[in-house]
Amino acid sequence: MKAGFVNIFGKPNAGKSTLLNALLGEKLAIISPKVQTTRHRIKGFLTEPGKYQLIFSDTPGIIQPKYKLQERMMQSVKSALEDADVALLMADVADNREENNNLFASLNLKVPCIVVLNKIDKLGDKRINDAAIFYKSQPYCKKLVQISALQKAHIDELINAILEYLPEGEPFYPEDDMTDLPTKFFVGEMVREKIFELFGDEIPYHTAVMVNEFKEKDTLVKIQADIIVQRESQKGILLGEGGKMIKQLGTLARQDIEKFLQQKVFLQLFIKVRPKWRDNELHLKEYGY
Ligand SMILES: Nc1nc2c(ncn2[C@@H]2O[C@H](COP(=O)(O)OP(=O)(O)OP(=O)(O)O)[C@@H](O)[C@H]2O)c(=O)[nH]1
């Protein structure tokens, strides 16, 4: 039996969340074409009884610590990398190689690194090969695997590559667990995902979702969540004319949550204005960042 921790690392949009979904086959990570959506480390487990348990962490994209919120994210990236048995350095095959290379090299990781060349469905063989040769020649690259996370192509190959570097050991978590994150967390992420889907570029980056109540009743689960925004004008946009938008948001989020929980859900959403939440340490704690 092999068991260990695997960290997925890469620039925003490299496809980390998509890979986690491909590996775990569940809606564990919020997927969005916009950058910087993953604010938390997501831990998901992939267990093959008697053979292996892989514990994956997703890291937020690498960004400038402009806000305190982002500083927190960078700290969590570093601590994640220090814990892992294997690091997956993920690169979009169409991305600037030098830039990725500088980033990967600057981490100076002590753990074995597998370069995961993602999105091979986007380019022809020649360009994929050139990129592969480039990364393979880098000192940090123990192995390179080419995948398409979106099309779930070569995922088994990646698992086998990880297993080569994983220590022998007993599972850390019960075999049928999927994650150590509370259900509440996923519910909040699903509401956030709908905000990304329904609203333009501005709104999602200025909102946070806090799930206040999660009560399992006989026939349904009652959930109350706050959507926190910074300005009254944002609240207005989220509400929409006569509350039209928030209603639609609630319906879409509820449908996803019901699918996820396999139960009927009563979802209540409130919008709250907190002008300074991004930079205020106290609020950061309150919202679990
Ligand atoms: N064509 C193609 N697109 C992909 C592939 N993998 C991911 N994408 C797309 O790339 C975008 C970013 O994917 P994510 O999985 O959200 O990227 P991420 O690295 O988690 O991004 P952050 O959360 O911002 O760090 C999404 O639009 C995905 O659909 C792939 O293999 N092929």
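Each Cβ is built from the backbone N, Cα and C atoms, and glycine gets one as well.
Between the listed ranges 10-17, 274-281, TrEMBL ties the annotation region 'G1' to 10-17. Among the residue ranges 58-61, 230-233, the one that TrEMBL annotates as region 'G3' is 58-61. Looking at 82-85, 94-97, 118-121, 154-157, the range tied to region 'G4' in TrEMBL is 118-121. Closeness to ligand 1 is met by Asn13, Lys16, these being the binding-site residues among Asn13, Lys16, Ile120 whose Cβ falls under 6 Å from the molecule. Following the DSSP three-state reduction, the secondary structure of Lys16 (GTP binding site) is helix.
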